[in-house]
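Single-structure report; data block below.
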Amino acid sequence: MHAGTRAAPGRANQVAGLYLVEKQVGAAMISSLILANVIVFVAELFAGDALLRSFALWPPGAAGIGADGGFSPWQLLTYAFLHASVPHLVFNMFGMFMFGRDVERALGRVRTGVLYLASVLSAAFTQMAVMGLSTLPAGPIVGASGGVFGLLLAYAVLFPRRMILLLIPPIPMPAWLFATVYALVELTLGISGSHSGIAHFAHLGGMAGSGVLLWRWLRGRAGGH
């Protein structure tokens, strides 16, 4: 995937009802999140299953290694810094880098961090709720995908007409359409049970958490005028 070029730095503008100031600075929050994920993954390589036992998200009835430890509250956040493989990490960090930089330039460091954590939390609660209703055995949940999908939705809301080019197949589409198609695909796969090793509803939950937060910010901004 490749995102279209961003607006000129240093320009103040109005996007989707939010007053944005694009600064000619790096995306410190996104860079810090990517670095943290990479550091934790390196630690996983040395620690083996030890980190999974304590910091992956273990829903009730989860099956697999270390499940006897059960659920702990901190897992609602820590699971998002663990990854199952190098491709899993690379894909998530690529998405975070591609969408997160412009979101942070638009919303600022603090709001971007709040939005990301809200997406991670809503992804965790959504996936746990779905797994609680399922009769299939549940394993631990890991990965930053919920937060990345939250950033994707924010990107689509803030920059709906920016073009995103899929790498495979190479089809350009506006950000709003890209996010919509991705959400529909995740919903279809989640309902059908295809690719059962992927937490599709966590992805949708991440988008939902991001959407609620953006709606509150947009409503607050509109109420100030």
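Indices start at 1 and increase along the chain as displayed.
Cβ atoms are placed via backbone N, Cα and C, with glycine included.
Curation does not apply to TrEMBL; its annotations are automatic.
Looking just at the domain 'Peptidase S54 rhomboid' (73-215), the mean pLDDT is 90. Residues annotated as domain 'Peptidase S54 rhomboid' in TrEMBL: 73-215.
The list of residues near the transmembrane segment (33-56) in space but at least 6 beyond its ends in sequence, with Cβ under 8 angstroms from a Cβ of it, reads 65-66, 69, 72, 74-75, 78-79, 81-83, 86, 89, 92-93, 96-97, 100, 116, 140-142, 144, 147. Feature annotation from TrEMBL assigns transmembrane segment to 33-56 (among others).
Among residues of the same chain six or more beyond the transmembrane segment (76-100), those with a C-beta under 8 A of the stretch's C-beta atoms are 1-3, 27, 29-30, 33-34, 36-38, 40-41, 44, 51-52, 54-57, 112, 116-117, 120-121, 123-125, 140-148, 151-152, 154-155. Among the features that TrEMBL reports, transmembrane segment is placed at 76-100 (among others).
The transmembrane segment feature in TrEMBL is assigned to 112-132 (among others). Long-range contacts of the transmembrane segment (112-132) within the same chain, counting only residues at least 6 positions beyond its ends with a Cβ under 8 Å from a Cβ of the stretch, are 27, 29-30, 33, 57, 59-61, 75-77, 79-80, 100, 103-104, 138, 141, 144-147, 149-151, 154, 190, 199, 201-210, 212-214.
If you look up TrEMBL, you'll see 138-158 (among others) marked as transmembrane segment.
The transmembrane segment annotation in TrEMBL covers 165-185 (among others).
The transmembrane segment feature in TrEMBL is assigned to 197-218 (among others).
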